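Working notes for the structure below.
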């Protein structure tokens, strides 16, 4: 008796579950309001985590907020002396590479050498207490230096008005930091994704070649050079300079000699992992040896270009040089947003690649905050835009860095260099700085990745090629604009023409799939099942979807005239992919329904998303179609249509 009751009860529950799935779809909860979404975002950022044991802190929100902003409060409690020793060695190794690179990148940014070193002092200190990456090395990088010089020089010529040029650089740096902080606070990290991986590969390769061409000025010891960055202008400038301007072959000899030396040490470091430090200190060795050689031979008297005087001491304040209401503020904001996005893209890509090796997760929003505050503080202390460098991060990782303490050690070392050793850089040849920059460029050109992009996605390769050609033959801005334009065109084209598939049932299952992808799937007689493959049915694709569905229905009706057994009696729209819908999409659904009613065909909908269901209810589309014709799954919708019209499913 009890067993019989149990069986009857389970059967009743099963019947209830099957017959009421449509009601489950329509009774889904209302989506959160705008206020609830905003409160949820802030709460997610600062909500304290549940304690694993012991008493909860008295002020959990305050403590969590502090730990969120300053991750050093979390990892600092478990920091050990052994880790500190590793970080000291990594920081010293990092400084030996960072000092000559910073001087070279300052030259690329058309700033005096000390500004590159300033940028390796303050931003790394700020990042060390706010960043979440343990390996990333902060400082000036080649691509951002090129971005600044190529775009700001269109506003002010650094050769004729260096003071105003520096003021614009600091203003751009401040605004870039503000933008980066905003990205982190308001969870706007998706803006970084506007530059796709393919676009970054092409942009970096083009920028590397442009940077390399710019180094011909230092490598050949030219006095006059073009401010343009495209390959045609640079080649013309080189040819013109070689014909008319005096140049000394000693510059070329020094540059090429030390470039070969750096590349050889890098090859040795990669071949023998224990000798990684050799490639790391080779730029510093090059600077020391070349400086001594020029001083000993007085080569500067015979045409070899040298750095000359470099200002020593701690970073001077540049707060008064930041102008947020000047005549060039709009141009600075435009340049700042580009630099902010490029800097974040490079830093997060570098940080995530090394975090995956160490097996921990990088917090993108915290990285944006850390980078932003680093650049805001840097702009107030004579620094320009800083970000994560791949070459220096690789050295930091290989040197055994355990935390951001290595950035602090590097910063202290650079500061000591600024205080004590700047006068020794007077005779450093410009050609050796060019060779140091040239040696870092091969890592920016990833031919293998470009080939892989071609194999996987031809449209992505077009994006990559567009960015590369735009940077190489136009400018940095043109390359970025072309890459973003192609990426958006690709998205728009795919949104305009989403996949609309006819579905069939796999034999012996209740699974419906595309008959184009799976030819073994069988069509159900008298029921046409169609899947709409777009997450947002909106004004841009609603007309196409409507015409495609109505076209198929009319074709089916015309081909089945006179064949009662095959005549379409119902159409099931699988909207399980449709997460949201706008008024144009709702209008298209109504027009599809009216067309089907005029043909005497029943319409059913299965699995619409939460937002789509809510809008269909508010607009009364559900009332027009009928609540009984909204289902959870395609299988239920097909069975209901067959039952309504007393049809039978094709055995397949």
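Just so it is clear, glycine is given a Cβ too, placed from its N, Cα and C backbone atoms.
It should be emphasised that the depicted structure is a prediction, and the values quoted were computed from it without experimental measurement.
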Per TrEMBL, the range holding transmembrane segment, considering 168-186, 225-243, 301-319: 168-186
Model confidence over the domain 'STAS' (539-641) (mean pLDDT, whole number): 90
Listed stretches 136-156, 168-186, 335-355, 367-387, 465-489 vs the transmembrane segment (399-418), most Cβ pairs under 8 Å: range 136-156
Among 136-156, 250-268, 367-387, the most Cβ pairs under 8 Å with the transmembrane segment (168-186) come from 367-387
Of the listed stretches (136-156, 198-216, 335-355), which one yields the highest count of Cβ-Cβ distances below 8 Å with the transmembrane segment (367-387)? 335-355
Within the same chain, where does the transmembrane segment (250-268) have neighbours whose Cβ lies under 8 angstroms from its own Cβ atoms, ignoring anything closer than 6 residues to its ends? I mean 6 or more beyond. 218-221, 275, 278-279, 282-283, 285-286, 289-290, 293-294, 299, 302-305, 429-432, 434-436, 438-439
Count the residues of the domain 'STAS' (539-641) that DSSP assigns to helix (H, G, I), to strand (E, B) and to coil, and report the three numbers in that order. 59 helix, 14 strand, 30 coil
